[in-house]
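**Student:** Submitted below is the structure of interest, expressed as structure tokens.
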Ligand SMILES: Nc1ncnc2c1ncn2[C@@H]1O[C@H](COP(=O)(O)OP(=O)(O)OP(=O)(O)O)[C@@H](O)[C@H]1O
Ligand SMILES: [Mg+2]
């Protein structure tokens, strides 16, 4: 049996497929009011059910043959996604009517997708472009399957739109509301978040350097900073709105308060992170305070500072969005979420969530990229 | 200890007691020592006898709690401010974000030398420790021994008249160690620097030094000072001569005496 290399995902997928076959129709038939004579039932998956079963079994079987890993991955990829696509395509018009085989087949396709990712992660290509392509493809398949399962389950089981709309509806909503979303992003992110982030992190950094230089500041400021960071944003936001008005300035103020402390604490810790021997070395060169700060202590603190910048990138977004719940001009991501929830436009809420998630990831990603470039020397970066 | 040349380091009744949580630790007590210009003095003794502490006191990294010490006729602090000495630490202490060449150039940047002068000194000292070709590498891309050599190059580039070296060759293999010992002697002979050198190796101490200071622990003190009768010109095979072996035996006896004191 040297031509066979079984994998548990493929075997289980075949078992599920056979069980699905035994359990009968993928989804229940329904009465179509448009078809004559009245009362005629129309059946889902009339044309595609054999294709679904066939593709699934074929992909699972081929994947277990002794073939090159790349071929195996391609077969699994095509099989898993073809089946998922057919399943989701066929359920259109039959939402909520899915029966057990639908979910068994979905699980089987997901198992093949899993196997595909497992095979891909095992690949060790020589070419560097192939390696970087793999680094993108694997999380992409992962993310795609979250969306596929979400779409298939919400539609197959007919989950109410209010509870959880399928991603396709959210996508449509995003596509049709681009101008509104764009205006919200401009208001919330390009004004409040960016400004607050830069000022808050900058102030935290400068305060940390001062606190490090002047001992009484360190003893006095750190506890106060600690207290400020413990202030509940829900309480601070309305006060900031009263102080700085309805526009983005009050949200930026909330972001400043939220981002100040992580930067302060991390920078203070980072400035203490350089080794004794390195500091003694600078002493033997009769290096002054600023020279030691610039040439030794700040570089040594860089990993800590970037840690704070990454934490702050998410905190800033949360702070600005939540602050908009407490008064804002009629634009902004937080404003949109709070009003559209009231109007039961849940897909718009999800659209804003998706945009916020995307913006947050890009923000974080940019900071992480700069971090890699600046702290290339740190064991955690150069190791990977 | 007949100081015909002016004293570079002069310590008298020097003592240092660390206050620790489990009571005071007497790291140095009653150290009397004069080091003249151009001397090569090795410090040898069991672990914890205060060799590093003595070097750190000379370097003004530690303040003595009793007695007096002067460096180049000044207080250690003034001497440090005047950049009177280069210090090689027990570990390489290179900055990982700087390339080897910029690590070696670090003291030169701080001193504010011109770019051309910096480049010239970096090249010369890296040649001296056989690290040419590694200028653009980062410390973590080099072996431990190469890192230690880079840190020696950094101290040499600083080019002070007094060189304090704390077990600089401890992490190196025998062959590289021999080579660097030769290089160091050659440099010392050529430049008339004063060198204080901590080591655990008796042959190394005897091979390099004009004087060997034997120390013993609890409290850390100088238990013997042995003048070397070896000529200034020392090929590596001098280590097989009876004269060399006789001095080594004396050092060994001194160390034994220090140890038996403990028991
Ligand atoms: N910062 C410090 N605080 C408290 N005790 C210290 C401190 N530094 C050194 N000591 C103590 O002083 C004594 C001498 O230490 P030192 O480092 O000078 O020894 P050493 O001769 O260099 O030893 P080794 O050969 O192991 O390097 C030791 O008992 C040590 O525990
Ligand atoms: Mg030591």
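Backbone N, Cα and C atoms are what each Cβ position is placed from, and that goes for glycine too.
What TrEMBL records for this protein is below:
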DOMAIN    A:200-374  domain 'ABC transmembrane type-1'
TRANSMEM  A:43-62  transmembrane segment
TRANSMEM  A:74-94  transmembrane segment
TRANSMEM  A:100-121  transmembrane segment
TRANSMEM  A:133-153  transmembrane segment
TRANSMEM  A:189-211  transmembrane segment
TRANSMEM  A:223-246  transmembrane segment
TRANSMEM  A:252-273  transmembrane segment
TRANSMEM  A:315-337  transmembrane segment
TRANSMEM  A:349-370  transmembrane segment
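Each of these features: where is it, how hidden is it, and who are its neighbours?
**Tutor:** Residues 26-28, 30, 44-45, 48-49, 51-52, 55-56, 58-60, 62-63, 67, 102, 105-106, 108-110, 112-113, 115-116, 119, 141, 144, 148, 151-152, 155-156 of the same chain, all 6+ positions outside the transmembrane segment (A:74-94), place their C-beta atoms under 8 angstroms from a C-beta of that stretch.
Long-range neighbours of the transmembrane segment (A:100-121) within the same chain, counting only residues 6 or more positions beyond its ends whose Cβ lies under 8 Å from a Cβ of the stretch, are 7, 9-10, 12-14, 16-17, 19-21, 23-27, 52-53, 56, 59-60, 63, 69, 72-73, 76-77, 79-81, 83-84, 87, 91, 134, 137-138, 141-142, 145, 148-149, 152-153, 156.
Among residues of the same chain six or more beyond the transmembrane segment (A:189-211), those with a C-beta under 8 A of the stretch's C-beta atoms are 217-218, 221-222, 225, 248, 251-268, 271, 293, 305, 308-309, 312-313, 316-317, 319-320, 323, 332-333, 359, 363.
Long-range neighbours of the transmembrane segment (A:252-273) within the same chain, counting only residues 6 or more positions beyond its ends whose Cβ lies under 8 Å from a Cβ of the stretch, are 191-193, 195-197, 199-201, 203-205, 207-209, 211-212, 218, 221-222, 225-226, 228-229, 231, 233, 236-237, 240, 243-244, 293, 297-298, 300-305, 307-309, 311-312, 315-316, 318-320, 322-323.
Nonlocal intrachain contacts for the transmembrane segment (A:315-337), taken as residues 6+ away from its ends with a CB within less than 8 angstroms of a stretch CB, comprise 180, 183-185, 187-189, 192-193, 196-197, 200, 233-234, 237-238, 240-241, 246-248, 250-252, 254-255, 257-259, 262, 348-349, 352-353, 355-356, 359-360, 363.
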